């Protein structure tokens, strides 16, 4: 049998959690709690924004789309990670690995585009307030959100196709906590310089270009805010952007170090740490950032809860 035929390599083995030892149970509980908090928090924000008419604005429309995206983003990796922590056989099929990698990168790219759209929305609201209602219509918001999803799901296709055609040897142990391009390419039996170059070009285009546009938007926002004469006006303008900027810095800060690099070898510890940040930590803190720092969402949550409570009370009368 040809040792370079990937059909002979039916599955991969994850070694990311192989050395957790006696802390396995605690790690499982912590990761499970983080996942449940992420699901519940993002579901709450998505539902409240959709149900409360006061939040039917472009800014909150994008926040709800981001919360919905985070639900699927975490679902591509964390359930399998939880299974691998408890299971003695930490495996995934060849096709399953490619699918996980594709959806993880598709949703990640979609988030990059969506965060850019949100920055543009804030730029229009603060720098061009008179034109904002005319430009940022409901139709445009829907089209921008759809474009973010579409472009995101198109971006990794070429990377996945190239990875699927690589020959893999008998060594099938992935030194990571989930399937991803860098650890997958390190297992190939041939030179992967072309793959690394393609990955770098696509990642650099998506990550650096979107991050650049976000920073340009915020540079103009800061310039406009500093021209506001009243302190209360400046504070209100900055508060509308603080949550989004915090999410941008956490998310982009980790993925830039992870994916915008031209090398095959990498630090396993650093990559696993960064993977935890952008696959677990960022989706988990999004609900905290957008709810605890946002009075409108807190008020909407209270209105939703009290309205349901009042309806339940009336139903029992």
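The backbone N, Cα and C atoms fix where each Cβ goes, and this holds for glycine too.
According to Swiss-Prot, the protein carries these features:
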- 97-189: disulfide bond (DISULFID)
- 5: N-linked glycosylation site (CARBOHYD)
- 1-25: topological domain 'Extracellular' (TOPO_DOM)
- 47-54: topological domain 'Cytoplasmic' (TOPO_DOM)
- 76-99: topological domain 'Extracellular' (TOPO_DOM)
- 121-139: topological domain 'Cytoplasmic' (TOPO_DOM)
- 161-197: topological domain 'Extracellular' (TOPO_DOM)
- 218-237: topological domain 'Cytoplasmic' (TOPO_DOM)
- 259-271: topological domain 'Extracellular' (TOPO_DOM)
- 293-317: topological domain 'Cytoplasmic' (TOPO_DOM)
- 26-46: transmembrane segment (TRANSMEM)
- 55-75: transmembrane segment (TRANSMEM)
- 100-120: transmembrane segment (TRANSMEM)
- 140-160: transmembrane segment (TRANSMEM)
- 198-217: transmembrane segment (TRANSMEM)
- 238-258: transmembrane segment (TRANSMEM)
- 272-292: transmembrane segment (TRANSMEM)
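Summary for the disulfide-bonded residues 97, 189: the Cβ-based neighbour count within 10 Å is maximal at 97. Same-chain residues lying 6+ beyond the ends of the transmembrane segment (238-258) with a Cβ under 8 Å from its Cβ atoms: 59, 108, 111-112, 115, 118-119, 122, 125-126, 182, 207-208, 211, 214, 218, 221, 225, 270-271, 274-275, 277-278, 281-282, 285-286, 289-290, 293-294. With respect to Cβ pairs under 8 Å, the transmembrane segment (100-120) is most closely packed against 140-160, considering the stretches 55-75, 140-160, 198-217. Away from its own ends, the topological domain 'Cytoplasmic' (47-54) comes close to residues 60-61, 63-64, 67, 296-297, 299-301, 303-304 of its chain (Cβ-Cβ under 8 Å, at least six residues beyond either end). Same-chain residues lying 6+ beyond the ends of the topological domain 'Cytoplasmic' (218-237) with a Cβ under 8 Å from its Cβ atoms: 119, 122-123, 126-127, 245.
Residue counts for the topological domain 'Cytoplasmic' (121-139) under DSSP (helix as H, G, I; strand as E, B; rest coil) come to 13 helix, 0 strand, 6 coil.
In the three-state DSSP reading, residue 97 (disulfide bond) counts as helix.
Within its own chain, the topological domain 'Extracellular' (76-99) has Cβ neighbours under 8 Å at 6, 9-18, 20, 24, 27-28, 31-32, 34-35, 38, 107, 160, 163-164, 174, 177-179, 184, 279-280, counting only residues six or more beyond its boundaries.
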